[in-house]
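Report on the following structure.
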Amino acid sequence: MKKLAILGVTVYSFAQLANAATLNVKSYGTTQNGQKVDLYTMSNNNGVSVSFISFGGVITQILTPDAQGKQNNIVLGFDDLKGYEVTDTKEGIHFGGLIGRYANRIGNAKFSLDGKTYNLEKNNGPNSLHSGNPGFDKRVWQVKPLVSKGETVKASLKLTSPNGDQGFPGKLDVEVIYSLSDQNEFKIEYKAKTDQPTVVNLTNHSYFNLSGAGNNPYGVLDHVVQLNAGRILVTDQNSLPTGEIASVAGTPFDFRMPKAIVKDIRANNQQLAYGYGYDQTWVINQKSQGKLNLAAIVVDPKSKRTMQVLTTEPSVQMYTADHLLGNIVGANGVLYRQADALALETQHFPDSPNQPTFPSTRLNPNQTYNSVTVFKFGVQK
């Protein structure tokens, strides 16, 4: 791996590839408390690139070619650091960020572990959502370029969350590895270790629009989605799981066969009404636990772009961004509205610490938290 400095931009060249891939690094500004933030861009040899910043590990841009070879940015975001640090925090939208310590909701913002109750921030009605503020997506991570045989480019992001942070027990050392391959696979690997028993549930909160943000008047409503899931978690009016797991058969949540989002998103259904659209947890049909399983396939009929999502996690939260109310101006001056994007958050079940029948999210000192999610990009033939 060679390191070059060109016009203030650091370029890491990975020479083992026939057409050397690069990881470009440049300054992205400083936070309000004076921390330096850098922008990293990983590129492969097929015209796909992924950009992220050390602030929150936020994915700021994913460029992929459409069926005609035209590149567009397929994730929502902002033009500058202030957008992610100030506007995003105020609105609670988490564009592109790494979510932790516990993604999604924990009921009544508290849980018990080994007989002790831990209280969290109530930031979503009576519940805790994404562990309150500042979450992992509002902190500066330590980033280090890596290289591995067979992968175009790779970077490690590290963060230490001290004991008691966000109300959770134990010091948590987290490493997230972003990598982009010449198979157009953007992989996110999560690892975490603790010094005392705790609970962990990490994810990434990117908002996708395969047409490119602002390029489709229908947002993602015409996107065709297929989910490898036959069940959902039933929620209450605050989008908190009740503990019931229900079949999707005969409901608007049945995406076992490819279906346009628009077909059922406004159906007369109480669960849809609670989320103002799709904001539910689907239970993935796992062939084997701990291995990559297909979670979702998304196709944009306009650009012919496709995205497959594979994960080791037991569930995926599909969120159609129906809380974007047209009051947020994003990158390139685009006004973000309801259903302008689709989030596919791979994760453990929400509120697992309070739901004994759900898979456990407990992490002990002698264990390592491991999770992998892959976003594979392509075009429809």
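Note that Cβ sites are derived from N, Cα and C of the backbone, with glycine treated the same way.
From a predicted model like this one, the values you see are computed outputs, not experimental measurements.
Per Swiss-Prot, the feature active site, proton donor maps to H205. The active site, proton acceptor annotation in Swiss-Prot covers E345. Residues annotated as substrate binding site in Swiss-Prot, with similarity to another entry given as evidence: R105, D279. If you look up Swiss-Prot, you'll see 1-20 marked as signal peptide.
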Nearest recorded site to the residue listed as 'active site, proton donor' by CA-CA distance, among recorded positions R105, D279, E345: E345
Other CB atoms within 10 A, centred on R105 (substrate binding site): 24
Tertiary neighbours of D279 (substrate binding site) (same chain, Cβ under 8 Å, six or more apart): S239, Q317, M318, Y319, T320, D322
Cβ atoms near the residue listed as 'active site, proton acceptor' (within 10 Å, other residues, all chains): 23
Number of Cβ atoms other than its own within 10 Å, given for H205 (active site, proton donor): 23
Inter-residue Cα distance where the pair is the residue listed as 'active site, proton acceptor' and R105 (substrate binding site), in Å: 13
